[in-house]
Amino acid sequence: LSSGSRSSKTFKPKKNIPEGSHQYELLKHAEATLGSGNLRQAVMLPEGEDLNEWIAVNTVDFFNQINMLYGTITEFCTETSCSVMSAGPRYEYHWADGTNIKKPIKCSAPKYIDYLMTWVQDQLDDETLFPSKIGVPFPKNFMSVAKTILKRLFRVYAHIYHQHFDSVMQLQEEAHLNTSFKHFIFFVQEFNLIDRRELAPLHDLIEKLGSKDR
């Protein structure tokens, strides 16, 4: 990562996985396999592991990655430059979380991403949804919550690629962004977690990233 101060700035506080826990071990396993360079293999469920737990650990990790990536470009993503939350001219997102804001509202990208990351953080901090203690079962609706989180996190990647890639290149963060997004896409493809239609804003990039690994 380039220039320490900028890269260490996250948009929201980092979500930590407690050291010594099984999830921490899983995260370390994920990091080690990522280092091997084979991302298709790195995202696969490790033998004998629980699918929910694997998805939970990776979801937390993606939240932290996107949090950091967006943190590097917040000064360029403003009410003025991004008055709507979009991913190119054809895709615009309106925010609703189903509880506080039931009817989708049109808002600026910084506001949308703030709502989105705060909402994700609330889900990750909810022990009934993301249990951190060994032996505490995941709830029945865990997979649908995880899918919603990942679907929404994808929109932050899509916004960064479409509206802020110039800034990312100026900061020399594009390799970091591309690696993070490739890992994210291979993961959601491996477990079929995001509907293809939702991925449409970055379809060409996803095809390109995938073709290099076939």
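In case you wondered, yes, glycine gets a Cβ from its N, Cα and C as well.
Taken from TrEMBL, the feature Zn(2+) binding site applies to C77, C82, H159, H164. Annotation for C77 (Zn(2+) binding site): same-chain Cβ neighbours under 8 Å, separated by at least 6 residues, are Y70, A109, P110, I113, H159, Q163, H164.
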Fewest-neighbour residue among binding-site residues, criterion Cβ within 10 Å, set H159, H164: H164
Neighbours of C77, C82, H159, H164 excl. site residues, C-beta within 8 Å of centre, Zn(2+): I73, F76, S81, A109, P110, I113, I160, Q163
Proximal but sequence-remote residues of the same chain as C82 (Zn(2+) binding site) (Cβ under 8 Å, at least 6 apart): S108, A109, P110, H159, Q163
